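Please read the structure below before turning to the comments.
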Amino acid sequence: MSVAVLAFGLNHTSAPVSVRERVSMPVDLVKPALEGLRATFGGAVREAAILSTCNRTELYCAAEGQVAEHLPAWLAEHNRLEAAALRPHLYRHQHDDAVRHAFRVASGLDSMVLGEPQILGQMKDAVRAANEAGALGTLLHQLFQRTFSVAKEVRSQTAIGAHSVSMAAAAVRLAERVFGQLEDARTLFIGAGEMIELCATHFAAQRPRSMVVANRTIERAETLAGRFSAQTMKLADLTERLAEFDVIVSCTASSLPILGLGMVERATRQRRHRPMVMIDLAVPRDIEPEVGRLDDVYLYSVDDLGRLVQSGTDARRAAVVQAEAIIETRVQGFMHWMQSREVVPVIRDLHQAADDVRAAELERARRMLARGESPEAVLEQLAHGLTQKYLHGPLAALNRSEGDERRQLLAWVPRLFPGRDSRR
């Protein structure tokens with residue numbers, strides 16, 4: 001049975017953060033998810049990889065049969081959701097559409113921030129996790145290697161990454177909307193990953209009054225804080241110290257909210273209702289959405305920042321056209337490679353059949369020589385036997401055919417035996 005490439009999932013355009021956070025998969029859960037997927041579908045899912053970020057959860061797989069029809073139910077069951085509630089937010093791509101989607105994602109064309117570079121690293125992490133789980137094979141390995149190559153080509157030959165308004169820069173803009181200049185702002189960063197590092201870089205450029213990094217692992221917090229002359233604190237101290245901060249930016253891998261309504265409500269009272277800007281870049285969310293109902297709190301989710309960064313995409317629209325052209329060419333190249341793989345078993349069988357004929361005729365020739373027959377007669381018989389057996393299949397097919405089938409076979413004769421036309 002033939003194997004197809006599938007890309008399946010949801011992203012920031014098809015699902016709000018309230019849905020995305022429910023199917024988000026931390027790195028440590030990707031391996032068991034892949035194992036569960038392959039156990040569910042058996043050999044029908046040959047290869048698989050899961051890409052899960054703040055803005056998307058996608059499954060890439062090499063699969064056979066009707067697997068694609070059952071993936072929504074699997075994803076819903078895996079995350080303990082109702083399939084009917086999840087299905088409207090899902091998309092599915094197959095064959096060349098799946099390849100095109102992978103190329104566009106890695107190139108930043110499908111990102112909330114058009115042209116953002118982080119997605120390429122996230123996709124490489126996803127491939128590494130799939131490989132460590134033993135879920136990658138020749139097909140997806142080749143797909144992702146070409147995906148990374150295409151992304152590099154797009155970035156080097158177009159301006160897709162230029163004029164980018166990043167999520168980190170958008171976070172600064174949102175804080176400035178409330179406080180104006182940030183010189184007097186006390187800023188807290190919760191987490192110590194790449195996104196927090198980017199945000200800290202942008203906020204540090206505004207020279208806020210203070211910057212503090214809180215993280216579950218204090219050593220990582222100290223490493224990040226050292227870059228910006230910031231202080232550190234333990235997550236356990238958030239309850240006591242939250243009221244100190246004017247701006248809170250959070251992005252952790254926690255599966256449960258870190259800042260709840262009660263904690264923030266107490267902090268606003270301690271602040272005597274001075275405003276707080278809270279920017280939640282995590283999926284699943286670090287801050288309970290109910291916090292946004294408090295009068296003195298300006299809560300922004302990753303989707304809110306996404307709407308802000310869209311204003312910076314106009315200057316890159318021309319680059320998108322160039323990028324799409326590059327991607328289309330590379331998609332066709334990959335599909336040609338896939339089709340050539342389908343021919344390989346046929347070519348192998350043809351070679352084996354020809355070798356079997358050759359071996360049989362050689363053995364016959366050796367027996368004739370052993371009986372003392374003349375070499376000339378043996379060579380004549382060998383050539384005749386090879387010719388008859390090699391042509392038996394094509395001639396039998398021609399004799400059995402009729403109508404359009406015969407015309408098609410006759411049209412192929414000059415291509416299969418290219419010297420034929422010149423002898424007419």
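Using N, Cα and C of the backbone, Cβ positions are placed for all residues, glycine too.
Under 8 Å, Cβ to Cβ, and six or more positions away along its own chain, ASN55 (substrate binding site) finds ASN11, HIS12, ARG20, SER111, MET112, VAL283, VAL302, GLY306. Swiss-Prot lists THR53, CYS54, ASN55, ARG56, SER111, GLU116, PRO117, GLN118, GLN122 with the feature substrate binding site.
Positions annotated as active site, nucleophile by Swiss-Prot, on the basis of sequence analysis: CYS54. DSSP assigns CYS54 (active site, nucleophile) to coil in the three-state reduction, placing it in neither a helix nor a strand.
What Swiss-Prot lists as site 'Important for activity' is HIS101, and the listing cites sequence analysis. Taken residue by residue with DSSP, HIS101 (site 'Important for activity') is part of a helix. Long-range C-beta contacts of HIS101 (site 'Important for activity'), restricted to its own chain and to partners at least six residues apart, with a cutoff below 8 Å, comprise ALA7, HIS93, ASP110.
Taken from Swiss-Prot, the feature NADP(+) binding site applies to GLY191, ALA192, GLY193, GLU194, MET195, ILE196, supported by sequence analysis. Every protein chain shown contributes to the tally, and the Cβ of GLU194 (NADP(+) binding site) ends up with 12 other Cβ atoms within 10 Å.
Each residue contributes its Cα atom, and for PRO117 (substrate binding site) and MET195 (NADP(+) binding site) these two points are 12 Å apart. A separation of roughly 17 Å, to the nearest angstrom, links the Cα atoms of GLY191 (NADP(+) binding site) and GLN122 (substrate binding site). Shown are the binding-site residues SER111, GLN122; the one with the most C-beta atoms within 10 angstroms of its own C-beta is SER111. Taking Cβ-Cβ distances under 8 Å and a sequence separation of 6 or more, the neighbours of GLY193 (NADP(+) binding site) in its chain are CYS251, THR252, ALA253.
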